[in-house]
Amino acid sequence: MMIKQVILRHLKMKMNFPFTTSFGTFTDKEFILVEVQDENGASGWGESVAFTSPLYNEETLKTNWHILEDFLIPMIKDKEISHPDEVSALFKPIRKNNMAKSAIEGAIWDLYAKRENLPLATALGGEKKEIEVGISIGIQKSVDDLLGIIDGSVSEGYRRIKVKIKPGWDIDVIREIRRHFPTIQLMADANSAYRLQDLELLKQLDEFGLTMIEQPLASDDIVDHALVQKHLTTPICLDESIHSYEDARKAISLGSCKIINIKIGRVGGLTESKRIHDLCMEQGLPVWCGGMLEAGVGRAHNIALTTLTNFTMPGDTAASSRYWERDIIDPEVTVHNGLITVPSKAGIGYDPNIDAIESFTVRKQNY
Ligand code: OSB
Ligand code: MG
């Protein structure tokens, strides 16, 4: 196939609720939607998960636009691409900027799957017909508010509850949650809020039977995490620290984690996500699919990836209606009893709704 046109759109969508992590609060979601078109005018869609500020990682919406416009789009336009696996190889000379790479690589995967008349999940080698999902709950004003949200999420059927923690909102909060919900699958995500000196505090989390603790230490660390893991019975899951297959390989060999959260954007695309998935499967580590408060296109990509065999733990892909008054795809993503039915249509399996997309678009450019 040949990519003849690329359309970048900057969308701004209001979130249904503020989402607070240890590094900041999101009230709106701004992101880039990438549309690629082939010689027949057929479209593939991808979504960048870069935020507007470089607080989760170093990328932003504006750096992604720059890298896409000045480097990545020229690298793929008017070139014969026989399989999307070739795209990450083409992008290899460009260092990092994984979320920018992933947004356009994802669009090419969608287009490829549509041309092959295959669901994206099948094109990736996934076999599950439904996937299990959990929910990620931000830091709240009070523990009572948090308990209320957990109660609602458990009643809705979400298979695992993740709560955000930070210094001052950790041990006492988790203790309270466990007192009210002694048996739920519960985990905590620190988004890099702790340091090695906090080891004693982290060890206290062991008494609560958490499924895992996600990214306690620095976003670029795999060395100190190995030290912490040696002292904890709770498995450590790495998120921010894993940018590639190579990072995953090193983290596994150091013993820095027992579980990996795969985010397609963070690792530079679906091809790299699959490689990390396969490596973890060989090495006996479970993986799950992380979330970045995606709109529908990104959510659809997450669902397709999660159909791979070693995604054995519920991910963060909650229902569209949790985040958005109106999502940008038809149908929206729905969750019943903690399960999402994998769409059987070709490509990402959900139709981008152009009217909704246009209504959220603040900038658009064709290349
Ligand atoms: O660390 O997984 C994270 C949201 C924004 C930035 C980082 C993270 C998150 C989430 C939300 O946990 C997951 C979601 O609901 O999409
Ligand atoms: Mg995380």
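Numbers here mean position along the shown chain, with the first residue as 1.
Glycine is no exception: its Cβ is also placed from the backbone N, Cα and C atoms.
Annotation comment: TrEMBL describes LYS164 as active site, proton donor. Residues or ranges marked as active site, proton acceptor in TrEMBL: LYS263. Among the features that TrEMBL reports, Mg(2+) binding site is placed at ASP189, GLU214, ASP239. What TrEMBL lists as domain 'Mandelate racemase/muconate lactonizing enzyme C-terminal' is 143-235.
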Within the set LYS164, ASP189, GLU214, ASP239, LYS263, which recorded positions show a CB-to-ligand 1 distance under 6 A?
ASP189, ASP239
Provide the three-state DSSP residue tally for the domain 'Mandelate racemase/muconate lactonizing enzyme C-terminal' (143-235): helix first, then strand, then coil.
46 helix, 12 strand, 35 coil
Residue pair ASP189 (Mg(2+) binding site), LYS164 (active site, proton donor) - Cα distance, angstrom, rounded:
5
Going through the recorded positions LYS164, GLU214, ASP239, LYS263 in sequence order, which have a CB under 6 Å from an atom of ligand 2?
GLU214, ASP239
Got a sec? Which of these active-site residues, LYS164, LYS263, has the most Cβ atoms within 10 Å?
LYS263
Give me the CA-CA distance between ASP239 (Mg(2+) binding site) and the residue listed as 'active site, proton acceptor', in Å, as a whole number.
8
What is the average pLDDT across the domain 'Mandelate racemase/muconate lactonizing enzyme C-terminal' (143-235)?
98
Please list residues from the chain of GLU214 (Mg(2+) binding site) whose Cβ is under 8 angstroms from its Cβ, counting only those at least six apart in sequence.
LYS162, MET187, ALA188, ASP189, ALA190, ASN191, ILE236, CYS237, LEU238, ASP239, ASN261
Highest CB neighbour count within 10 A among the binding-site residues ASP189, ASP239?
ASP189
Residues other than ASP189, GLU214, ASP239 within 8 Å, Cβ to Cβ centroid, of the Mg(2+) site?
LYS162, MET187, ALA190, ASN191, ILE213, GLN215, CYS237, LEU238, GLU240, ASN261, GLY290
At the level of the C-alpha atoms, what whole-angstrom distance separates LYS164 (active site, proton donor) and LYS263 (active site, proton acceptor)?
17
Secondary-structure category, per DSSP, in which the residue listed as 'active site, proton acceptor' falls:
coil
